[in-house]
Amino acid sequence: MMVVGRLSSAFSETLHLTKHVAHVSLFITVVLLFEVGAGGLWGDPPTSPSYPPLVTLLFQLLRLLPLLALPQAVFNLLGLICFNAFPERAKLKGSPLLAPFLCLRVVTRGDYPDLVRQNVNRNLTTCLRVGLEKFMIEVVTDKKIDLPENQRVRQVVVPSSYRPKSGALFKARALQYCLEEDVNILLDTDWIVHLDEETLVTESAIRGILNFVIEGRHQFGQGLITYANENIQNWFTTLADSFRVSDDMGKLRFQFKVFHKPLFGWKGSYVVTQTGAERRVTFDHGPDGSVAEDNYFGMVALREGYSFDFIEGEMWEKSPFTIYDFLQQRKRWLQGILLVVHSPHIPVSTKWLLAVSLYSWVTMPLALASVILSTIFPVPVPGALNVIAAFVGGVNFYMYIFGVIKSFRVDRVGWLRMTMCMAGALVTMPFNFLVENIAVIRGLVGNKHKFYIVNKLTGIPDKVVSTV
(Lines of atoms letter the chains of each structure in order from A and count residues from 1; the text may use other names and numbers.)
(Lines give C-alpha, C1' and ligand atoms only; values in the text may rest on other atoms or scores of the structure.)
Protein backbone atom coordinates (compact mmCIF):
# COMPACT_ATOMS: atom_id res chain seq x y z
CA MET A 1 0.00 0.00 0.00
CA MET A 2 2.87 2.36 0.78
CA VAL A 3 4.38 1.79 -2.67
CA VAL A 4 1.01 2.42 -4.33
CA GLY A 5 0.61 5.60 -2.34
CA ARG A 6 4.03 6.87 -3.38
CA LEU A 7 3.35 6.05 -7.03
CA SER A 8 0.00 7.84 -6.86
CA SER A 9 1.66 10.89 -5.28
CA ALA A 10 4.40 10.92 -7.90
CA PHE A 11 1.84 10.66 -10.71
CA SER A 12 -0.21 13.52 -9.25
CA GLU A 13 2.88 15.71 -8.92
CA THR A 14 3.91 14.97 -12.51
CA LEU A 15 0.40 15.72 -13.78
CA HIS A 16 0.28 19.10 -12.05
CA LEU A 17 3.76 19.97 -13.30
CA THR A 18 2.79 18.97 -16.85
CA LYS A 19 -0.24 21.28 -16.67
CA HIS A 20 2.00 24.13 -15.53
CA VAL A 21 4.53 23.54 -18.32
CA ALA A 22 1.73 23.50 -20.91
CA HIS A 23 0.32 26.72 -19.46
CA VAL A 24 3.73 28.45 -19.53
CA SER A 25 4.29 27.34 -23.14
CA LEU A 26 0.90 28.70 -24.19
CA PHE A 27 1.51 31.94 -22.29
CA ILE A 28 4.86 32.57 -23.96
CA THR A 29 3.40 31.69 -27.35
CA VAL A 30 0.59 34.24 -26.96
CA VAL A 31 3.02 36.99 -25.91
CA LEU A 32 5.34 36.20 -28.82
CA LEU A 33 2.44 36.29 -31.27
CA PHE A 34 1.54 39.73 -29.97
CA GLU A 35 5.15 40.84 -30.41
CA VAL A 36 5.18 39.58 -34.00
CA GLY A 37 1.85 41.21 -34.70
CA ALA A 38 3.08 44.46 -33.25
CA GLY A 39 5.31 44.90 -36.25
CA GLY A 40 2.20 45.64 -38.27
CA LEU A 41 -0.03 47.19 -35.64
CA TRP A 42 2.40 49.36 -33.73
CA GLY A 43 5.38 49.71 -36.02
CA ASP A 44 6.57 52.89 -37.68
CA PRO A 45 4.67 53.77 -40.86
CA PRO A 46 6.39 53.18 -44.21
CA THR A 47 6.10 56.90 -44.83
CA SER A 48 6.24 59.65 -42.23
CA PRO A 49 3.20 61.91 -42.46
CA SER A 50 3.79 65.45 -41.41
CA TYR A 51 1.69 66.81 -38.53
CA PRO A 52 1.90 70.10 -36.61
CA PRO A 53 4.51 69.75 -33.82
CA LEU A 54 1.94 69.90 -31.01
CA VAL A 55 -0.21 67.23 -32.67
CA THR A 56 2.81 64.98 -33.14
CA LEU A 57 3.79 65.47 -29.48
CA LEU A 58 0.24 64.65 -28.34
CA PHE A 59 0.13 61.43 -30.36
CA GLN A 60 3.54 60.38 -29.05
CA LEU A 61 2.53 61.07 -25.45
CA LEU A 62 -0.56 58.91 -25.92
CA ARG A 63 1.68 56.10 -27.13
CA LEU A 64 3.55 56.23 -23.80
CA LEU A 65 0.47 55.21 -21.80
CA PRO A 66 1.15 51.43 -22.02
CA LEU A 67 4.23 52.07 -19.88
CA LEU A 68 1.93 52.62 -16.89
CA ALA A 69 0.63 49.06 -17.17
CA LEU A 70 4.10 47.54 -17.52
CA PRO A 71 4.87 46.93 -13.79
CA GLN A 72 1.70 44.93 -13.14
CA ALA A 73 2.09 43.07 -16.44
CA VAL A 74 5.59 42.00 -15.37
CA PHE A 75 4.33 40.89 -11.94
CA ASN A 76 1.48 38.94 -13.54
CA LEU A 77 3.86 37.22 -15.96
CA LEU A 78 6.32 36.27 -13.22
CA GLY A 79 3.60 35.12 -10.84
CA LEU A 80 1.99 32.88 -13.45
CA ILE A 81 5.30 31.44 -14.65
CA CYS A 82 7.59 31.23 -11.61
CA PHE A 83 5.12 29.41 -9.36
CA ASN A 84 3.12 26.33 -10.27
CA ALA A 85 -0.23 27.57 -11.55
CA PHE A 86 -1.79 24.15 -10.85
CA PRO A 87 -0.46 23.23 -7.40
CA GLU A 88 -1.36 20.00 -5.68
CA ARG A 89 -3.90 20.04 -2.90
CA ALA A 90 -2.38 21.61 0.21
CA LYS A 91 -1.47 19.13 2.93
CA LEU A 92 -1.73 20.10 6.57
CA LYS A 93 1.62 20.90 8.16
CA GLY A 94 0.28 20.28 11.66
CA SER A 95 -2.75 19.10 13.56
CA PRO A 96 -5.76 21.45 13.65
CA LEU A 97 -5.76 20.84 17.41
CA LEU A 98 -2.43 22.70 17.66
CA ALA A 99 -3.54 25.63 15.50
CA PRO A 100 -4.34 29.05 16.98
CA PHE A 101 -7.96 30.11 17.37
CA LEU A 102 -9.67 31.26 14.13
CA CYS A 103 -12.53 33.74 13.84
CA LEU A 104 -14.27 33.73 10.45
CA ARG A 105 -15.67 37.26 10.37
CA VAL A 106 -18.49 38.07 7.95
CA VAL A 107 -19.48 41.74 7.56
CA THR A 108 -22.95 42.53 6.22
CA ARG A 109 -25.53 45.30 6.31
CA GLY A 110 -28.12 42.62 7.04
CA ASP A 111 -30.06 43.15 3.80
CA TYR A 112 -29.76 39.48 2.76
CA PRO A 113 -30.41 37.45 5.94
CA ASP A 114 -31.27 34.23 4.09
CA LEU A 115 -27.98 34.35 2.19
CA VAL A 116 -26.04 34.99 5.41
CA ARG A 117 -27.74 32.10 7.24
CA GLN A 118 -27.19 29.74 4.33
CA ASN A 119 -23.51 30.57 3.97
CA VAL A 120 -22.85 30.50 7.71
CA ASN A 121 -24.22 26.95 7.80
CA ARG A 122 -22.23 25.89 4.76
CA ASN A 123 -18.99 27.40 6.04
CA LEU A 124 -19.54 25.88 9.47
CA THR A 125 -19.99 22.45 7.91
CA THR A 126 -16.83 22.86 5.82
CA CYS A 127 -14.74 23.84 8.84
CA LEU A 128 -15.96 20.85 10.85
CA ARG A 129 -15.36 18.51 7.91
CA VAL A 130 -11.69 19.54 7.77
CA GLY A 131 -11.36 18.83 11.48
CA LEU A 132 -11.13 22.44 12.64
CA GLU A 133 -11.73 22.63 16.39
CA LYS A 134 -10.71 26.06 17.71
CA PHE A 135 -12.84 28.44 15.68
CA MET A 136 -16.03 30.45 15.50
CA ILE A 137 -18.00 32.30 12.82
CA GLU A 138 -18.75 35.91 13.69
CA VAL A 139 -21.41 37.84 11.76
CA VAL A 140 -21.06 41.62 12.05
CA THR A 141 -24.22 43.35 10.89
CA ASP A 142 -26.03 46.68 10.94
CA LYS A 143 -29.39 44.89 11.21
CA LYS A 144 -29.96 41.97 13.56
CA ILE A 145 -30.32 38.63 11.78
CA ASP A 146 -32.15 35.56 13.04
CA LEU A 147 -29.11 33.33 13.59
CA PRO A 148 -28.73 30.28 15.86
CA GLU A 149 -26.05 31.80 18.13
CA ASN A 150 -23.90 29.32 20.09
CA GLN A 151 -20.24 28.68 20.85
CA ARG A 152 -19.56 28.41 17.10
CA VAL A 153 -21.66 31.35 15.87
CA ARG A 154 -21.57 34.88 17.29
CA GLN A 155 -23.53 37.87 16.05
CA VAL A 156 -22.32 41.43 16.56
CA VAL A 157 -24.84 44.19 15.81
CA VAL A 158 -23.20 47.56 15.16
CA PRO A 159 -25.22 50.28 16.94
CA SER A 160 -26.45 53.08 14.70
CA SER A 161 -25.02 55.52 17.26
CA TYR A 162 -21.46 54.18 16.94
CA ARG A 163 -18.98 56.69 15.50
CA PRO A 164 -15.28 55.80 15.15
CA LYS A 165 -12.84 58.49 16.28
CA SER A 166 -11.75 59.43 12.75
CA GLY A 167 -15.23 59.22 11.25
CA ALA A 168 -14.71 55.94 9.38
CA LEU A 169 -17.78 54.86 7.38
CA PHE A 170 -19.43 51.84 5.78
CA LYS A 171 -17.64 48.50 6.11
CA ALA A 172 -14.61 50.13 7.78
CA ARG A 173 -16.90 51.40 10.53
CA ALA A 174 -18.27 47.91 11.20
CA LEU A 175 -14.81 46.35 11.15
CA GLN A 176 -13.51 48.96 13.56
CA TYR A 177 -16.41 48.37 15.95
CA CYS A 178 -15.30 44.74 16.30
CA LEU A 179 -11.88 45.92 17.47
CA GLU A 180 -13.19 48.12 20.29
CA GLU A 181 -12.14 47.00 23.78
CA ASP A 182 -15.68 46.31 25.01
CA VAL A 183 -16.63 44.36 21.84
CA ASN A 184 -13.54 42.35 20.93
CA ILE A 185 -13.27 38.94 22.62
CA LEU A 186 -10.20 37.70 20.72
CA LEU A 187 -6.64 37.48 21.98
CA ASP A 188 -3.88 39.24 20.07
CA THR A 189 -2.51 35.81 19.11
CA ASP A 190 -5.82 34.71 17.56
CA TRP A 191 -6.47 35.04 13.82
CA ILE A 192 -9.32 36.61 11.85
CA VAL A 193 -10.48 35.38 8.44
CA HIS A 194 -12.39 38.20 6.75
CA LEU A 195 -15.19 37.11 4.40
CA ASP A 196 -17.92 38.85 2.44
CA GLU A 197 -21.47 37.64 3.03
CA GLU A 198 -21.45 35.63 -0.21
CA THR A 199 -18.01 34.05 0.34
CA LEU A 200 -17.85 30.28 0.64
CA VAL A 201 -14.77 28.68 2.17
CA THR A 202 -13.49 25.41 0.75
CA GLU A 203 -11.60 22.58 2.40
CA SER A 204 -8.46 23.56 0.48
CA ALA A 205 -8.74 27.15 1.75
CA ILE A 206 -9.12 26.00 5.38
CA ARG A 207 -6.05 23.77 5.03
CA GLY A 208 -4.11 26.65 3.49
CA ILE A 209 -5.18 29.01 6.29
CA LEU A 210 -4.21 26.47 8.94
CA ASN A 211 -0.76 26.08 7.39
CA PHE A 212 -0.39 29.86 7.26
CA VAL A 213 -1.32 30.48 10.92
CA ILE A 214 0.57 27.45 12.26
CA GLU A 215 3.71 28.67 10.49
CA GLY A 216 3.08 32.15 11.89
CA ARG A 217 5.84 33.94 9.96
CA HIS A 218 3.61 36.72 8.59
CA GLN A 219 0.86 38.84 10.12
CA PHE A 220 -1.36 39.07 7.03
CA GLY A 221 -2.26 36.72 4.19
CA GLN A 222 -4.59 36.31 1.23
CA GLY A 223 -5.45 33.66 -1.34
CA LEU A 224 -7.29 32.95 -4.57
CA ILE A 225 -10.99 33.64 -5.15
CA THR A 226 -12.84 32.11 -8.11
CA TYR A 227 -16.28 33.07 -9.46
CA ALA A 228 -17.47 30.24 -11.74
CA ASN A 229 -18.68 27.74 -9.16
CA GLU A 230 -22.13 26.19 -8.82
CA ASN A 231 -24.91 28.22 -10.49
CA ILE A 232 -23.73 31.05 -12.72
CA GLN A 233 -26.15 33.99 -12.72
CA ASN A 234 -24.51 36.14 -15.40
CA TRP A 235 -22.09 34.67 -17.92
CA PHE A 236 -20.81 38.04 -19.09
CA THR A 237 -19.69 39.23 -15.65
CA THR A 238 -18.40 35.78 -14.67
CA LEU A 239 -16.23 35.52 -17.79
CA ALA A 240 -15.07 39.10 -17.29
CA ASP A 241 -14.02 38.22 -13.73
CA SER A 242 -11.76 35.48 -15.10
CA PHE A 243 -9.19 38.28 -15.37
CA ARG A 244 -9.37 38.76 -11.59
CA VAL A 245 -8.62 35.06 -11.08
CA SER A 246 -5.44 35.43 -13.15
CA ASP A 247 -4.59 38.60 -11.25
CA ASP A 248 -4.74 36.65 -7.97
CA MET A 249 -2.52 33.88 -9.31
CA GLY A 250 -0.13 36.32 -10.97
CA LYS A 251 0.45 39.76 -9.48
CA LEU A 252 -1.03 39.08 -6.03
CA ARG A 253 0.84 35.82 -5.56
CA PHE A 254 4.15 37.20 -6.82
CA GLN A 255 4.09 40.31 -4.61
CA PHE A 256 3.31 38.22 -1.53
CA LYS A 257 5.60 35.25 -2.17
CA VAL A 258 8.62 37.29 -3.25
CA PHE A 259 8.31 40.68 -1.53
CA HIS A 260 5.77 39.84 1.21
CA LYS A 261 4.20 43.26 0.66
CA PRO A 262 0.90 44.47 -0.88
CA LEU A 263 2.76 46.60 -3.41
CA PHE A 264 -0.25 46.79 -5.74
CA GLY A 265 -2.85 46.55 -2.97
CA TRP A 266 -5.06 43.56 -2.15
CA LYS A 267 -8.71 42.49 -1.90
CA GLY A 268 -11.20 42.87 0.96
CA SER A 269 -12.23 39.21 1.19
CA TYR A 270 -10.23 36.05 1.95
CA VAL A 271 -8.09 38.26 4.18
CA VAL A 272 -6.35 36.53 7.09
CA THR A 273 -5.00 38.76 9.86
CA GLN A 274 -3.41 38.28 13.25
CA THR A 275 -5.72 40.04 15.72
CA GLY A 276 -3.01 42.04 17.47
CA ALA A 277 -1.62 43.35 14.18
CA GLU A 278 -5.10 44.25 12.91
CA ARG A 279 -5.89 46.16 16.09
CA ARG A 280 -2.67 48.15 15.76
CA VAL A 281 -3.26 49.01 12.10
CA THR A 282 -7.02 49.58 12.68
CA PHE A 283 -9.74 50.39 10.14
CA ASP A 284 -10.30 53.85 11.62
CA HIS A 285 -8.85 55.99 8.84
CA GLY A 286 -11.61 58.49 8.19
CA PRO A 287 -13.90 58.82 5.14
CA ASP A 288 -10.98 58.58 2.68
CA GLY A 289 -10.10 55.17 4.08
CA SER A 290 -13.68 53.89 4.02
CA VAL A 291 -14.48 53.34 0.33
CA ALA A 292 -11.58 50.98 -0.46
CA GLU A 293 -10.94 50.11 3.19
CA ASP A 294 -9.05 46.97 2.20
CA ASN A 295 -6.42 48.83 0.19
CA TYR A 296 -6.11 51.64 2.73
CA PHE A 297 -5.59 49.06 5.48
CA GLY A 298 -2.99 47.27 3.35
CA MET A 299 -1.07 50.47 2.65
CA VAL A 300 -1.01 51.41 6.36
CA ALA A 301 0.17 47.91 7.29
CA LEU A 302 2.89 48.15 4.64
CA ARG A 303 3.91 51.57 5.95
CA GLU A 304 4.18 50.13 9.47
CA GLY A 305 6.43 47.28 8.32
CA TYR A 306 4.12 44.27 8.62
CA SER A 307 4.64 41.29 6.30
CA PHE A 308 2.24 39.41 4.04
CA ASP A 309 2.11 36.02 2.34
CA PHE A 310 0.02 34.14 -0.22
CA ILE A 311 -2.27 31.42 1.12
CA GLU A 312 -2.86 28.25 -0.90
CA GLY A 313 -6.43 27.08 -1.49
CA GLU A 314 -9.32 28.92 -3.09
CA MET A 315 -12.56 30.45 -1.88
CA TRP A 316 -15.74 30.91 -3.91
CA GLU A 317 -17.71 34.05 -4.64
CA LYS A 318 -20.24 35.21 -7.23
CA SER A 319 -19.71 37.81 -9.93
CA PRO A 320 -22.23 40.68 -10.05
CA PHE A 321 -25.61 39.51 -11.33
CA THR A 322 -26.11 42.45 -13.73
CA ILE A 323 -23.86 44.54 -15.96
CA TYR A 324 -25.06 47.64 -14.11
CA ASP A 325 -23.86 46.17 -10.80
CA PHE A 326 -20.60 45.18 -12.50
CA LEU A 327 -20.10 48.78 -13.66
CA GLN A 328 -20.99 50.24 -10.25
CA GLN A 329 -18.63 47.81 -8.52
CA ARG A 330 -15.69 48.86 -10.72
CA LYS A 331 -16.61 52.51 -10.27
CA ARG A 332 -16.49 52.16 -6.47
CA TRP A 333 -13.14 50.37 -6.61
CA LEU A 334 -11.64 53.10 -8.76
CA GLN A 335 -12.98 55.89 -6.57
CA GLY A 336 -11.82 54.18 -3.40
CA ILE A 337 -8.30 53.59 -4.71
CA LEU A 338 -8.16 57.21 -5.88
CA LEU A 339 -8.78 58.26 -2.29
CA VAL A 340 -6.06 55.88 -1.07
CA VAL A 341 -3.46 57.02 -3.58
CA HIS A 342 -4.17 60.70 -2.97
CA SER A 343 -4.19 60.39 0.84
CA PRO A 344 -1.48 62.56 2.45
CA HIS A 345 -1.22 60.04 5.30
CA ILE A 346 0.36 57.34 3.11
CA PRO A 347 3.88 58.13 1.85
CA VAL A 348 4.66 57.93 -1.85
CA SER A 349 7.35 55.33 -1.17
CA THR A 350 4.60 53.03 0.13
CA LYS A 351 1.94 53.54 -2.52
CA TRP A 352 3.82 54.34 -5.74
CA LEU A 353 3.19 50.99 -7.44
CA LEU A 354 -0.48 51.12 -6.48
CA ALA A 355 -0.55 54.66 -7.90
CA VAL A 356 1.02 53.58 -11.20
CA SER A 357 -1.50 50.73 -11.45
CA LEU A 358 -4.35 53.14 -10.71
CA TYR A 359 -3.23 55.69 -13.31
CA SER A 360 -2.97 52.95 -15.94
CA TRP A 361 -6.64 52.23 -15.15
CA VAL A 362 -7.64 55.91 -15.10
CA THR A 363 -5.99 56.53 -18.48
CA MET A 364 -7.61 53.46 -20.05
CA PRO A 365 -9.92 55.57 -22.27
CA LEU A 366 -6.91 57.51 -23.56
CA ALA A 367 -4.96 54.30 -24.10
CA LEU A 368 -7.85 52.96 -26.20
CA ALA A 369 -7.87 56.21 -28.15
CA SER A 370 -4.12 55.89 -28.79
CA VAL A 371 -4.60 52.41 -30.29
CA ILE A 372 -7.28 53.70 -32.66
CA LEU A 373 -5.42 56.89 -33.56
CA SER A 374 -2.13 55.05 -34.18
CA THR A 375 -3.73 53.19 -37.09
CA ILE A 376 -5.24 56.37 -38.55
CA PHE A 377 -2.53 58.89 -37.71
CA PRO A 378 0.73 56.92 -37.39
CA VAL A 379 3.68 58.62 -35.75
CA PRO A 380 7.26 57.38 -35.34
CA VAL A 381 8.04 55.97 -31.88
CA PRO A 382 11.02 54.04 -30.48
CA GLY A 383 10.95 50.33 -31.23
CA ALA A 384 11.17 49.52 -27.51
CA LEU A 385 7.82 51.19 -27.00
CA ASN A 386 6.24 48.88 -29.55
CA VAL A 387 7.72 45.88 -27.76
CA ILE A 388 6.37 47.03 -24.39
CA ALA A 389 2.90 47.76 -25.75
CA ALA A 390 2.73 44.33 -27.38
CA PHE A 391 3.99 42.66 -24.19
CA VAL A 392 1.33 44.34 -22.06
CA GLY A 393 -1.37 43.47 -24.58
CA GLY A 394 -0.24 39.84 -24.82
CA VAL A 395 -0.14 39.37 -21.05
CA ASN A 396 -3.59 40.88 -20.53
CA PHE A 397 -5.05 38.83 -23.39
CA TYR A 398 -3.71 35.58 -21.98
CA MET A 399 -4.96 36.38 -18.49
CA TYR A 400 -8.54 35.99 -19.73
CA ILE A 401 -7.66 32.56 -21.14
CA PHE A 402 -5.89 31.38 -18.00
CA GLY A 403 -8.65 32.75 -15.76
CA VAL A 404 -11.20 30.59 -17.59
CA ILE A 405 -8.95 27.51 -17.38
CA LYS A 406 -8.41 28.03 -13.65
CA SER A 407 -12.06 28.82 -12.90
CA PHE A 408 -13.86 26.10 -14.83
CA ARG A 409 -11.31 23.26 -14.89
CA VAL A 410 -11.43 20.61 -17.61
CA ASP A 411 -12.05 17.75 -15.18
CA ARG A 412 -15.27 19.49 -14.09
CA VAL A 413 -16.75 20.82 -17.33
CA GLY A 414 -15.05 18.83 -20.11
CA TRP A 415 -13.03 20.04 -23.10
CA LEU A 416 -15.98 21.15 -25.23
CA ARG A 417 -17.47 23.42 -22.59
CA MET A 418 -14.01 24.67 -21.60
CA THR A 419 -13.34 25.68 -25.21
CA MET A 420 -16.69 27.44 -25.39
CA CYS A 421 -15.95 29.31 -22.16
CA MET A 422 -12.55 30.46 -23.44
CA ALA A 423 -14.12 31.63 -26.68
CA GLY A 424 -16.81 33.41 -24.69
CA ALA A 425 -14.22 35.19 -22.53
CA LEU A 426 -12.39 36.43 -25.62
CA VAL A 427 -15.64 37.55 -27.26
CA THR A 428 -16.67 39.50 -24.15
CA MET A 429 -13.26 41.22 -23.88
CA PRO A 430 -14.24 44.26 -26.02
CA PHE A 431 -17.52 44.69 -24.15
CA ASN A 432 -15.75 44.33 -20.80
CA PHE A 433 -13.22 46.91 -21.93
CA LEU A 434 -16.08 49.25 -22.83
CA VAL A 435 -17.77 48.79 -19.43
CA GLU A 436 -14.45 49.39 -17.65
CA ASN A 437 -13.97 52.61 -19.63
CA ILE A 438 -17.45 53.81 -18.70
CA ALA A 439 -16.71 53.01 -15.05
CA VAL A 440 -13.52 55.08 -15.24
CA ILE A 441 -15.30 58.11 -16.67
CA ARG A 442 -18.17 57.91 -14.17
CA GLY A 443 -15.76 57.28 -11.32
CA LEU A 444 -13.70 60.35 -12.08
CA VAL A 445 -16.67 62.74 -12.17
CA GLY A 446 -18.91 61.25 -9.46
CA ASN A 447 -19.02 61.55 -5.67
CA LYS A 448 -16.13 59.45 -4.39
CA HIS A 449 -17.40 59.02 -0.83
CA LYS A 450 -20.09 56.56 -1.83
CA PHE A 451 -20.33 52.82 -1.13
CA TYR A 452 -22.41 50.89 -3.65
CA ILE A 453 -23.49 47.39 -2.62
CA VAL A 454 -24.30 44.96 -5.42
CA ASN A 455 -27.27 42.60 -5.33
CA LYS A 456 -26.47 39.26 -3.74
CA LEU A 457 -29.81 37.56 -4.49
CA THR A 458 -31.84 37.27 -7.67
CA GLY A 459 -35.19 38.96 -7.83
CA ILE A 460 -34.23 41.98 -5.71
CA PRO A 461 -34.76 45.15 -7.78
CA ASP A 462 -33.29 47.79 -5.48
CA LYS A 463 -29.62 48.36 -4.79
CA VAL A 464 -28.37 49.67 -1.49
CA VAL A 465 -26.26 52.81 -1.76
CA SER A 466 -24.65 54.45 1.24
CA THR A 467 -23.38 58.01 0.97
CA VAL A 468 -21.69 60.57 3.16
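Every residue, even glycine, has its Cβ placed from backbone N, Cα and C.
Within the chain carrying the transmembrane segment (21-42), a Cβ under 8 angstroms from the stretch's Cβ atoms is held by residues 77, 80-81, 85-86, 374-375, 381, 385-387, 389-391, 393-395, 397-398, 401-402, 405, all 6 or more beyond its ends. If you look up TrEMBL, you'll see 21-42 (among others) marked as transmembrane segment.
Panel annotation: around the transmembrane segment (62-86), residues 16-17, 19-20, 23-24, 27, 31, 246-247, 249-255, 257-258, 263-264, 353, 356-357, 359-360, 363, 366-367, 369-370, 373-374, 379, 381, 385, 388-389, 391-393, 395-396, 399, 402, 406 of the same chain, lying at least six beyond its termini, place a Cβ under 8 Å from a Cβ of the stretch. The feature transmembrane segment is assigned by TrEMBL to 62-86 (among others).
Averaged over the domain 'Glycosyltransferase 2-like' (191-391), the predicted model has a pLDDT of 93. Under the heading domain 'Glycosyltransferase 2-like', TrEMBL lists 191-391.
Taken from TrEMBL, the feature transmembrane segment covers 352-377 (among others).
Among residues of the same chain six or more beyond the transmembrane segment (383-403), those with a C-beta under 8 A of the stretch's C-beta atoms are 23, 26-27, 30-35, 37-39, 41-43, 63-64, 66-67, 69-70, 73, 76-77, 80, 85, 239, 241-247, 249-250, 422, 425-426, 429. Feature annotation from TrEMBL assigns transmembrane segment to 383-403 (among others).
Tertiary neighbourhood of the transmembrane segment (415-435): same-chain residues 228, 235-236, 239-240, 242-243, 323, 326-327, 330, 364, 368, 397, 400-401, 403-405, 408-409, selected by CB-CB distance under 8 Å and a gap of 6+ residues from either end. Here TrEMBL flags 415-435 (among others) as transmembrane segment.
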